[in-house]
Amino acid sequence: MIKQAIEKVVNHENLTFEESEAVLDEIMNGEASEVQTASLLTALTAKNPTIDEIAGAAASMRSHALAFPETKDVLEIVGTGGDHANTFNISTTSAIVVAATGTQVAKHGNRAASSKSGAADVLEALGLDINETPAVSYESLQENNLAFLFAQEYHKSMKYVATVRKQLGFRTIFNILGPLANPAHPTHQLLGVYDETLLEPLANVLKKLGVTNAMVVHGRDGLDEMTTADETAVVELQDDHLTKYTVTPEQFGLKRRQRADLVGGTPEANADITRRILAGDHGPQRDIVLLNAGAALHVAHPALSIQAGIDLAAKTIDDGKAFEELNRLLAFSDKRKDVVA
């Protein structure tokens, strides 16, 4: 299959969903050579992958992932990375705030690739066990409304492309597959992307993958998040319909900030920023978390406007519930470590 797929893509022909899924199956099963894998990835990058090609590849990744117990109405807050902004862990902090409102969040993430601190790095620095089994993570989702699914534990088949990706050295389809391959199969998703041209295609991919409500966002300062330093371009998926619009921080009563105010550092430094935000510190870092948490709450509960989501996120922090959520997660993690020990 991969030989035919390479020939097709080299000739600027598109693969169907089924063809893309089948060829990724070959790669994920270790049946393709590194030369073949590199050829396909290079040809896809040169052509630009279509919605069907991305969705088929994501479906393959999901099917090869470690199984996660079935969930219902679960939210994911994630970015593609690759914006080279070195911000603190905005999505992860926002996920904790959203979980504290009683909304279930299955956060799928990894260690840092293009930044200094990925979701796994900062959660580990906060004191959480990032290597929990699917059963334990599911238990955390039910008890604490938040589960972390460590990508490298769930996607063992990625070992077949790791060397090729590193040696190619440029972005490939795999740079956008990670946020689409959550084994918890979220039905609601806030997805940040590094390039505005990805907004509509990835919204359509999410639709094909069974997501019912989503916002795909790109900060015009370059962030793969909702940003407080510039406008944010949005494509929203709701009721099978896509809507494009732009938002500014000012329309939600938030100050426009400098991107330098949002820069993080090491996992330990970012963990400290997260703790301070959850404990109620005010300032630029809180504001961007409120904006992203508010958008995520709107995605999870469409009847709630983004503004109402921001207000709920602020109240959740100010009432101490967000910090309580972090402490619950830490206590749960410690308890499970003791059981294993």
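Cβ coordinates are placed from backbone N, Cα and C, and glycine is handled just like the others.
Database features (Swiss-Prot):
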type	residues	note
BINDING	G79, 82-83, T87, 89-92, 107-115, A119	5-phospho-alpha-D-ribose 1-diphosphate binding site
BINDING	G79, N110	anthranilate 1 binding site
BINDING	S91, E225	Mg(2+) 1 binding site
BINDING	R165	anthranilate 2 binding site
BINDING	D224, E225	Mg(2+) 2 binding site
Out of S91, N110, R165, the binding-site residues in the record, which is closest to E225 (Mg(2+) 1 binding site) when you go by Cα distance? S91
Output, ordered by sequence, the same-chain residues six or more apart from D224 (Mg(2+) 2 binding site) with a CB under 8 Å from its CB, or 'none'. G79, T80, G81, G82, D83, G192, V193, Y194, V217, H218
Write down the Cα-Cα distance for N110 (anthranilate 1 binding site) and S91 (5-phospho-alpha-D-ribose 1-diphosphate binding site), rounded and given in Å. 13
Separation of alpha carbons, R165 (anthranilate 2 binding site) and R111 (5-phospho-alpha-D-ribose 1-diphosphate binding site) (Å): 16
Measure from the Cβ of T87 (5-phospho-alpha-D-ribose 1-diphosphate binding site) and count the other Cβ atoms within 10 Å, all protein chains considered. 26
Cα separation, R165 (anthranilate 2 binding site) to H108 (5-phospho-alpha-D-ribose 1-diphosphate binding site) (Å, whole number): 20
Determine the Cβ neighbour count for R111 (5-phospho-alpha-D-ribose 1-diphosphate binding site): the number of other Cβ atoms within 10 Å of its Cβ. 17
Whole-number Å distance between the CA of T87 (5-phospho-alpha-D-ribose 1-diphosphate binding site) and the CA of R165 (anthranilate 2 binding site)? 24
Structural state of the residue listed as 'anthranilate 2 binding site', classified by DSSP into three states: helix
In angstrom units, rounded to an integer, how far apart are the Cα atoms of the residue listed as 'anthranilate 2 binding site' and N110 (anthranilate 1 binding site)? 16
Residues near N110 (anthranilate 1 binding site) by Cβ (under 8 Å) yet at least 6 apart in sequence within the same chain, in sequence order, are G118, A119, A120, F150, A151, Q152, G178
By the count of other Cβ atoms within 10 Å, pick out the sparsest of the binding-site residues G79, S91, H108, R165, E225. R165
